[in-house]
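This report refers to the structure that appears directly beneath it.
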Amino acid sequence: MSEKALTLKQSGVRWLWLAILVFIADIGIKLVVMDNMGYGWANRIEVLPFFNLLYVHNYGAAFSFLSDQAGWQRWLFTGIAFVVTGLLTYWMSKLPAKEKWNNIAYALIIGGAVGNVFDRVVHGFVVDYLDFFWGSYHWPAFNLADTTICIGAAMIILDGFRKKDANK
């Protein structure tokens, strides 16, 4: 016996509006940063004793992973993002829209991934602007897309614990 396919309205694909919202907000903020802030440490804006706005280019991935390479990493991370986006969209098409937790998590990851892919393809780098620090230690700069990817991933991990506890 086969399962009845979900319509677009019934499936989690309905939650892709959130991915679009994340993408638009991410690109909009990055454009404001690029148009209104000087590049680099000397042009940082001190906001709080532990937080700066800082316009920098990231040629790698999270934590500037592989940023010192010759440029091939740009296409590797773009390819990974396309595969992940396709996979998550497929999973959303199989999930009922009422399963909000996972659909929201997937949409947050998709929106962030597409935002960073846009930067990589259009600029050749990802724009980062959030700089948190404690004393002289600075966490690697990041952006809204990175934040939504991490929140979505954390939601998926937490969901694994929720389901595990529910089976006890």
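Note: Cβ is positioned from N, Cα and C throughout, glycine not excepted.
Features reported for this protein in Swiss-Prot:
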TRANSMEM  15-35  transmembrane segment
TRANSMEM  47-67  transmembrane segment
TRANSMEM  75-95  transmembrane segment
TRANSMEM  107-127  transmembrane segment
ACT_SITE  Asp128  active site
TRANSMEM  141-161  transmembrane segment
ACT_SITE  Asp146  active site
Around the Cβ of Asp128 (active site), the count of other Cβ atoms that are within 10 Å: 22
Neighbouring C-beta atoms (10 Å sphere around the C-beta of Asp146 (active site)): 22
Folded-back contacts onto the transmembrane segment (75-95), same chain, C-beta under 8 angstroms, at least six residues removed: 6, 11-13, 15-16, 60-61, 66, 102-103, 106-107, 109-110, 113-114, 116-117, 120-121
DSSP three-state assignment (helix, strand or coil) for Asp146 (active site): helix
